[in-house]
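Participant: One structure is given below, represented as structure tokens, and several questions about it will come after.
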Amino acid sequence: MSARTAPRPQVLLLPLLLVLLAAAPAASKGCVCKDKGQCFCDGAKGEKGEKGFPGPPGSPGQKGFTGPEGLPGPQGPKGFPGLPGLTGSKGVRGISGLPGFSGSPGLPGTPGNTGPYGLVGVPGCSGSKGEQGFPGLPGTLGYPGIPGAAGLKGQKGAPAKEEDIELDAKGDPGLPGAPGPQGLPGPPGFPGPVGPPGPPGFFGFPGAMGPRGPKGHMGERVIGHKGERGVKGLTGPPGPPGTVIVTLTGPDNRTDLKGEKGDKGAMGEPGPPGPSGLPGESYGSEKGAPGDPGLQGKPGKDGVPGFPGSEGVKGNRGFPGLMGEDGIKGQKGDIGPPGFRGPTEYYDTYQEKGDEGTPGPPGPRGARGPQGPSGPPGVPGSPGSSRPGLRGAPGWPGLKGSKGERGRPGKDAMGTPGSPGCAGSPGLPGSPGPPGPPGDIVFRKGPPGDHGLPGYLGSPGIPGVDGPKGEPGLLCTQCPYIPGPPGLPGLPGLHGVKGIPGRQGAAGLKGSPGSPGNTGLPGFPGFPGAQGDPGLKGEKGETLQPEGQVGVPGDPGLRGQPGRKGLDGIPGTPGVKGLPGPKGELALSGEKGDQGPPGDPGSPGSPGPAGPAGPPGYGPQGEPGLQGTQGVPGAPGPPGEAGPRGELSVSTPVPGPPGPPGPPGHPGPQGPPGIPGSLGKCGDPGLPGPDGEPGIPGIGFPGPPGPKGDQGFPGTKGSLGCPGKMGEPGLPGKPGLPGAKGEPAVAMPGGPGTPGFPGERGNSGEHGEIGLPGLPGLPGTPGNEGLDGPRGDPGQPGPPGEQGPPGRCIEGPRGAQGLPGLNGLKGQQGRRGKTGPKGDPGIPGLDRSGFPGETGSPGIPGHQGEMGPLGQRGYPGNPGILGPPGEDGVIGMMGFPGAIGPPGPPGNPGTPGQRGSPGIPGVKGQRGTPGAKGEQGDKGNPGPSEISHVIGDKGEPGLKGFAGNPGEKGNRGVPGMPGLKGLKGLPGPAGPPGPRGDLGSTGNPGEPGLRGIPGSMGNMGMPGSKGKRGTLGFPGRAGRPGLPGIHGLQGDKGEPGYSEGTRPGPPGPTGDPGLPGDMGKKGEMGQPGPPGHLGPAGPEGAPGSPGSPGLPGKPGPHGDLGFKGIKGLLGPPGIRGPPGLPGFPGSPGPMGIRGDQGRDGIPGPAGEKGETGLLRAPPGPRGNPGAQGAKGDRGAPGFPGLPGRKGAMGDAGPRGPTGIEGFPGPPGLPGAIIPGQTGNRGPPGSRGSPGAPGPPGPPGSHVIGIKGDKGSMGHPGPKGPPGTAGDMGPPGRLGAPGTPGLPGPRGDPGFQGFPGVKGEKGNPGFLGSIGPPGPIGPKGPPGVRGDPGTLKIISLPGSPGPPGTPGEPGMQGEPGPPGPPGNLGPCGPRGKPGKDGKPGTPGPAGEKGNKGSKGEPGPAGSDGLPGLKGKRGDSGSPATWTTRGFVFTRHSQTTAIPSCPEGTVPLYSGFSFLFVQGNQRAHGQDLGTLGSCLQRFTTMPFLFCNVNDVCNFASRNDYSYWLSTPALMPMNMAPITGRALEPYISRCTVCEGPAIAIAVHSQTTDIPPCPHGWISLWKGFSFIMFTSAGSEGTGQALASPGSCLEEFRASPFLECHGRGTCNYYSNSYSFWLASLNPERMFRKPIPSTVKAGELEKIISRCQVCMKKRH
């Protein structure tokens, strides 16, 4: 019995002995009875016979009466102890215990969270009216009142007296005027200066204990060392005595109860000798025989690599070496016939162990395995030597330390002046600092400013108050008449009433041509005008003096010369959309023609009629124009109205000549600031300024940590601090680099170790019987030819072979008319290639095919190939068609506030307003406060068009060109139309066997056969001989092109690739596309012919018809590049081809017009509750300015104030806003060179880009470096020469049991097997013809996940190599972050006209316009009210039969959206949602239903609500679980958040099928078949249950398609949290159906541990099936 099989219970059968009873006949001696009445028996009486055999037992008699009760028997002997009884059944539940004592009162609970704010209370009642307030303070004087209406005309003054005439006598002062009315209260004063800071307040009391924080996150999985085994515990106390009930069975099947325990018996007789005792402890020196091997233990966990042992003693001389090098590899043999189908294997840990095979040859060295888990802690090492280590990488910046003590005073070191630095780029504008101290007031007057531009006209002032009445005038009797100087021009008169419009005047004379304007944007082409009459050019008129009368209009002049190019006109309105023209012929794209000569100028159109007057424009005020030339004096105006009579004036002397220049006047007021100067040269560096105040922190993310600063000077020793708290244990560190290899130690033999603890007693093995030596085996028959070795590397392409003999040409049937092809260009004759050498004849293959050998182990990975040369740059692709619109993106985060934009360009010049009448100068007012920001102006008219040129009409066809040079080799053409299928040729001789093909995909199930009667299992038959070849069938007719195929099912998992290192191999050559053949119709299934023998080769047949298109050949070598041909003739237009393949994406179009400002985004979700702020934290940064308030109503106009006196000097005002950045000032004077104080340490800078390689450094010092790490394993060396024979070694110890002998000879072939199952799907047919382009298909399913690659050894970074060759230009990157502001550029060109300003004051009402044209159709109106109920309609037609839809979900377990299986349609796609856990309770989704496919992903897809009508989202320790993808987690296993989660979440598709879908599970590693009448949708692994946090989870119904996942993963789902993170956690488990051996159904399961790589062999397989529609 094998040691691995469980012992079976043996049943002892007691044989029954059947005794045949023979009756012995009695001996008769001479007694004859003749008659019935007389018998004469003479002779003596015989002796008594022997006792006969007992007769057979009689039938049992009737049951007797119960006998009387017997006397009690004597006390029996003491019985043997009985066997332990069976375990009794579970007892009845006990009575509930008494209630326990009351517990001690609990500790007081922590204070609860602060409750939410209560609802707004009901408004209170209005209060009672208050008492009368105190009278207010008297107001300030009001402004002067509005001047009253003009009074009545005064009385005429008294006549002047004739006596005492005085000239220039001044009248008496008038009476004081009446006091004005009360003025309005004055404006509030300016705010006072900022007061000094108050004294610091006292420290506050400690705050109340904060609320209890939310439940913490799940802890990280810490992988520690496994602890050492504990010491065996002490022996426990003795258990309670067991009760033994012994039932004695007496004779007559009566049950006697056992009596009381008897007295102790007397000493018994000495017993027989006992069995031999256990062997005693051996104190001798001999070693016992080796015991039998024990049972196989569980596979242990991988151990830790031990420390390297000390160097061993030099070994003895080795045995002679192996055979020499292997010979050259033989040629590849013929492929063997396919083997029989093997039996289904089950993964069973309990299979019996077979005979041990012969040891195989040592395999090649495997790839380096993954790093094992950490071993137990090693022996403490010897103390290491202390050497200073290399400088570590800069650490992260630490927390800000407390302020240090005041440093020692520094030394006054005078540094040498530095060389002047270059001008730095202007820095970013700093944030505004605090207000500075008030500056000194200097009354120095500045130099006079430049002449300012003329100011705008002031608004008319208010008429002044009437002056006092004048003195009566003097009577002038004999005054000489001297005319006074001409008076000032009078005020313009009031506007007259609008006159009647005059008739249309005659056309004026044509003006002289203007100076050419700037080149304008091209306008839209105008419509051609009608031909005008040519006019004669008139003479240029002279400038008439303004006194002349307007002459009669002259005759039209002669036609003038065409004027210079005028300014561009305003773009015309777009014309009406024209009718579509006739469809043009499809032209071949011609070469771009040369630019034609400029066309003749068109004839000028006649002037159109004058349009109606437009409304006055509301343009903004334009920039002031250039100063005009002096105008001609105007015509004399109409005589003014008589002015009031002037007072009599004495003759004024005529003004004399100008006097000498006067003394210099007082300095004038400070002029306006001048125009900024040009940029000065780079000045000398200024002195370092003092430290500025810390600015307001800007809006930005914290920068990366800066590099480590230089070491500071050592500070003074601080005072001793308080002892700190015990720190938290740190996170486990990353494994350190391997240490330097130690020096070999001197090996000393160690002393005897301490005796170990006694081990646990092992299971006793069974003793096997010593077998007899076996007979020597028969010599084996020679083995069959081995199978092919692995496919070799592709060889170099050989030279082209010689030209074969010409084939025989038989005319085939005429093909159908092909489509006319395009005219090809005539190529030049190529050069003749060289003839290659004739190949050697091949070695003839053997007649017999070998049996297939076992799959060889994978070979040693080849050397890493070098990177291939860069390919030539491809031709640019055609622009692609526009892809479908992408899905709406997620709302982005709110952007940061932008910087202040530059000032806008000046507006368009406005039309000049009408001149106002001059007002009386008003009183100078005080400077007003800045007004509120006005409302946004209306949207401007559209700007000038950006269409750079208009497409002209189609040109005439060009002249015939010259013949072109032959063109370069074109791109690969589109596959041609499929040819007709040729007749099938006679079978050729057998070709050489091809390489082993890939495993085909599973074929579709055949039509169901009739249900056969199950036969009994026959014996295995002998393999039959090969049958004859069947006759050829007739070729089927060519089928029509098939529809595009659906996506194929997912192929089998590929073999694992070899690790090739990190560099990719060179790209293989591209194969030529094969010609697609026609897809034939499906032929009828032929009757299976009997298998025939391979007949002899027949005579050579007649040449066959042309064969079907061959398989695609290997790519031929590239030909030499031909010369570029001359341009060919333009061919006739071809027939319109089928639609082309989609091109590459087109280049981005020009930037569109900026769209309107979008609406505000949806408010984002509320953020998490922040942590409690620090006590006495510094004030936060300054907030952004608030939103602009609504514009207030316009106030009533104020009254003018009296001119005030000059006020006292006010306090210093607050600092104004930062102005626009000025131009750089002129270079300053050179400063004194005094070293400034060292500034505070700057913030850490961002990491710089790597610099260019530096110059070679100086030679290093000759210092012996530290011993380097052990190098990686080298390639195995060639086999060495045999060594010399060694000395004879001492006799060895008793060896271990030897390996089993070589395998015996190959057995006879078995009996004929059962017929195999239906074969797999055949090779795919030839390609069908190209169908019309289908719609853009869905994204294909992802490929099967490959086996995990080998572990890459991450090496430390080496020193930077020399700069590589420049790479190909990369793809366009995403826009980078905004850079710092650049230097101030030069002044730009004059800007375009600005947008329209605010509308001016409304003009007079215009005349009624004409009726407008019909407008565009308006937008759809809102839904109307529901109409009245209609009449009952006619009865409808009978309903059509509709298919019932059954919905299921398919999960890809990758980031690709899965496709629906054939015969089903997708409804929508989403993300694979597994289950949620809320309030420590889990609820899951069936993965086969549409509830497991959510269309939006979030780490917290649910919220919870309570009875208070309050809902909380993402604010508790709840979880959600999603199916994951095979994407690898980061090395540090940090949680993933944000956009980085996308590659980890599985995608899914909800599909609708015509019938229900179920899952079938095999509980073996074989994929189960679908039931009869069902079709397969997909195959997978049986997934049953999952649990995670708190051991909560749910499961899948095994009938649901969700229980059959297409990929197996030990961790198939991610755990996500409300805080936005996801990760894999160690307490997440997945449960799968196991693979079972049917022979072990009712046996105890054997515990086993299966490691990665073997997992898929123990998982049950399954298949999802859907019922067919008949």
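Just so you know, glycine gets a Cβ as well, placed from its N, Cα and C.
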Participant: Quick one: which of C1511, C1548, C1662, C1665 does Swiss-Prot link to C1604 by a disulfide?
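Facilitator: Swiss-Prot annotates a disulfide bond between C1604 and C1662.
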Participant: Can you tell which of C1387, C1548, C1551, C1570 is bonded to C1493 by a disulfide, based on Swiss-Prot?
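Facilitator: It is C1548, per the disulfide annotation in Swiss-Prot.
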Participant: Scan C1570, C1616, C1622 and flag the one Swiss-Prot records as disulfide-linked to C1665.
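Facilitator: Partner cysteine, according to Swiss-Prot: C1570.
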Participant: Looking at the disulfide bonds in Swiss-Prot, identify which of C1387, C1511, C1551 pairs up with C1460.
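Facilitator: Disulfide mapping in Swiss-Prot sends C1460 to C1551.
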Participant: Report the mean pLDDT of the predicted model across the region 'Epitope recognized by Goodpasture antibodies' (1427-1444), rounded to a whole number.
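Facilitator: Reported value for the region 'Epitope recognized by Goodpasture antibodies' (1427-1444) is a mean pLDDT of 62.
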Participant: Within the same chain, where does the region 'Required for the anti-tumor cell activity of tumstatin' (1610-1628) have neighbours whose Cβ lies under 8 angstroms from its own Cβ atoms, ignoring anything closer than 6 residues to its ends? I mean 6 or more beyond.
Facilitator: 217-218, 221, 1168, 1453, 1474, 1499-1500, 1513-1524, 1529, 1533-1538, 1541, 1544-1545, 1583, 1586-1589, 1591, 1652, 1655
Participant: Nearest by CA distance to C1665 (disulfide bond): which of the disulfide-bonded residues is it, out of C1493, C1551, C1604, C1622?
Facilitator: C1604
Participant: Do me a favour and check the Cα-Cα span between C1505 (disulfide bond) and C1604 (disulfide bond); whole Å is fine.
Facilitator: 35
Participant: Have a look at the disulfide-bonded residues (C1460, C1548) and report the one with the fewest Cβ neighbours inside 10 Å.
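Facilitator: Minimum Cβ neighbour count within 10 Å, taken over the disulfide-bonded residues C1460, C1548, occurs at C1460.
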Participant: Tell me, if you would, which residue among C1493, C1511, C1551 (disulfide-bonded residues) has the fewest other CB atoms within 10 Å in the structure shown?
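Facilitator: Ranked by other Cβ atoms within 10 Å, the disulfide-bonded residues C1493, C1511, C1551 bottom out at C1511.
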Participant: Counting other CB atoms within 10 A of each CB, which of the disulfide-bonded residues C1570, C1616, C1622, C1662 comes out lowest?
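Facilitator: Minimum Cβ neighbour count within 10 Å, taken over the disulfide-bonded residues C1570, C1616, C1622, C1662, occurs at C1570.
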Participant: C1505, C1604, C1665: which of these disulfide-bonded residues has the sparsest Cβ neighbourhood within 10 Å?
Facilitator: C1505
Participant: DSSP on the region 'Disordered' (49-78): how many residues come out helix, how many strand, how many coil?
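Facilitator: Taking the region 'Disordered' (49-78) as a whole: 0 helix, 0 strand, 30 coil.
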Participant: Taking only the disulfide-bonded residues C1493, C1511, C1551, C1662, which one has a CA atom nearest to the CA atom of C1622 (disulfide bond)?
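Facilitator: Out of the listed candidates, the nearest Cα belongs to C1493.
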Participant: Which one is it, among the disulfide-bonded residues C1551, C1570, C1616, C1662, that lies nearest to C1493 (disulfide bond) by Cα separation?
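Facilitator: Closest recorded candidate to C1493 (disulfide bond) by Cα: C1551.
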Participant: With helix taken as DSSP H, G or I, strand as E or B and everything else coil, how many residues of the region 'Required for the anti-tumor cell activity of tumstatin' (1610-1628) land in each class?
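Facilitator: Looking at the region 'Required for the anti-tumor cell activity of tumstatin' (1610-1628) with DSSP, the answer is 0 helix, 8 strand, 11 coil.
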Participant: Where does C1662 (disulfide bond) sit in the DSSP three-state scheme?
Facilitator: strand
Participant: Rounded to a whole number, how many Å is the Cα of C1616 (disulfide bond) away from the Cα of C1548 (disulfide bond)?
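Facilitator: C1616 (disulfide bond) to C1548 (disulfide bond), Cα-Cα distance: 18 Å.
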Participant: From the Cα of C1570 (disulfide bond) across to the Cα of C1460 (disulfide bond), what is the distance in angstrom?
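Facilitator: Cα of C1460 (disulfide bond) to Cα of C1570 (disulfide bond) measures 18 Å after rounding.
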